[in-house]
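Take a look at the structure set out below.
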Amino acid sequence: MSKKTNEMSQILSQEKLASDVYSMWLRTEEIAKEASPGQFVSVYSRDGSRVLPRPISICEVSEDKRSLRLVYRVVGKGTEEFSMLKAGDRLSILGPLGNGFPLERAAGKRVFLMGGGIGIPPMVETAKALDGDKHIIAGYRDELFLQEELKRYGRVYTATEDGSAGTPGNVLDAMMANGLTKEEGREPEIIFACGPAPMLRAIKAYAQEMEIECWISMEERMACGVGACLACVCQSKEIDEHSKVHNKRVCKDGPVFLSTEVEL
Amino acid sequence: MINTKVSLAGVELKNPVMTASGTFGSGVEYSELIDLNRLGAVVTKGVASTPWTGNPTPRIAETYGGMINAIGLQNPGMKVFCERDLPFLEKFDTKVIVNVCGKTKEEYCRVVDRLSDENIDMLEINISCPNVKEGGIAFGQDPFAVEEITAAVKKYARQPVIMKLSPNVADITEMARAAECGGADVLSLINTLTGMKIDINKRTFAVANRTGGLSGPCVKPVAVRMVYQVANTVKLPIIGMGGIATAEDALEFILAGATAVSVGTANFFNPRATLDVIEGIESYMQKNKIQDIQELIGVVK
């Protein structure tokens, strides 16, 4: 269990990676030190009209563990506010939050990291932390980002919805097109995935059919970020040990779940 | 030495600041971020007789200066609450107030009866949740129902009973009077205001329940007005809440007549909001040479 801290971080850099995608390095006292791949932070707006923190996944942690990188998409006024901040500005964040990917499960296995859209960023730190045979499948709508970083830590296969780069289609299309199949003896032995719900649904179905262990990172509107308010629940297959109903807390019990334990 | 102690129906709080039900779970999660020993009281999320699943997602949406929620009182039921959550809270030097919900009068009474045997300081009866089909607000919008349910739970309660009032009524003083007649020991107000947000891109409701309870800084003026009205109608002590994020907010409620205050939505944008409010009240008292917080309660007439 990583220790959570709410701290005033300092922005080291802000960079635009694609049309609506920004990258921000933040200096922290505690959070980067504690963070593990697949965890996220709650980022607080400085504008009092916005009362809910924005949950943003951790893309990378610096080697000295003093800074962390957030790569995020501008989807509304809150993230737009973050994108306007400059080096030297301060930003209140809470983290690290959630469980992260169970890296130990991937030991000795052919691991597939599958990221879609703004679900790609957490795959950078995940790939960095894993040893061995890593295949990274990145699915984009059109514009590419984080390709260089991903290539540093594994073999990268790309899909774009508009067909402008890599395989036209989604991450599963990219797998098939590159012969990453059972027939070729190159299928995944374990999957870590993060991305939009339709993508996760398709990966879950594929993993179930192929009987592959698959961990998916879920998304839901959040308020407290620490498991107290019960806003961001997802449906669980079995009665959850904590809630005693068919609900799991995405922010606390997740965001990473075994694909077979949650309904999508 | 300034005195911030307040008394609610004989229960003495080290300071008037507590959490608002539903925003703080049973304290376990926030205990990683703040020292619960510093709070006047922890008010838990609503507890029913059996586990409740709550509403479908999305359960929340942000609005200007506030938010709408329709969690639907998801809770693990009183058995798990008493065996798991309560022993955790008992470890802290703070008062424990348990929020009680139910679908019927009988369910409220069953929960109160079960909780009466526990080491709990006060019970807060939620007759004002706007997000459940049965129970909740159905009991809080009719003065006869308010009086009846208050009298019913009082028969089972061995702790002082707080009735939590809804602002979704024509005249909140009528409900306050009804609760007083039913034998309530304390009143808490306000619960959330029923609201709605439309997602113009998806052309549908922003929360799955269609309507949700509005909370946060945007509701504060309504809440202060209602606390003032109720304080000038009944003799019962009041726990004031609705948009409190700072000591200045809390002091408005106290000056309007609240003996204690709750911090709710502000926990979401500032995990240490409760502590900031406690410290801010102390500095205000020092700065204005107020020895005892009693000197502030309800002085604005």
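The backbone N, Cα and C atoms fix where each Cβ goes, and this holds for glycine too.
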[2Fe-2S] cluster site partner of A:Cys224, A:Cys229, A:Cys232 (as recorded in TrEMBL), chosen from A:Cys194, A:Cys251: A:Cys251
Fewest other C-beta atoms within 10 angstroms, as judged across A:Val71, A:Cys224, A:Cys229, which are the binding-site residues: A:Val71
Proximity to chain B among binding-site residues A:Arg54, A:Arg73, A:Cys224, A:Cys229, A:Cys251, where any Cβ pair is under 8 Å: A:Cys224, A:Cys229
Cβ-centroid neighbours of [2Fe-2S] cluster site A:Cys224, A:Cys229, A:Cys232, A:Cys251, 8 Å, sequence order: A:Met222, A:Ala223, A:Gly225, A:Val226, A:Gly227, A:Ala228, A:Leu230, A:Ala231, A:Arg249, A:Val250, A:Lys252
Residues within 8 Å of the A:Arg54, A:Pro55, A:Ile56, A:Ser57, A:Val71, A:Tyr72, A:Arg73, A:Gly78, A:Thr79 Cβ centre (excluding the FAD site residues themselves): A:Val43, A:Leu70, A:Val75, A:Phe82, A:Ile118
Fewest other Cβ within 10 angstroms of its own Cβ, chosen from the binding-site residues A:Arg54, A:Ile56, A:Arg73, A:Cys232, A:Cys251: A:Arg73
Overall pLDDT of the domain 'FAD-binding FR-type' (A:4-103), taken as the mean: 97
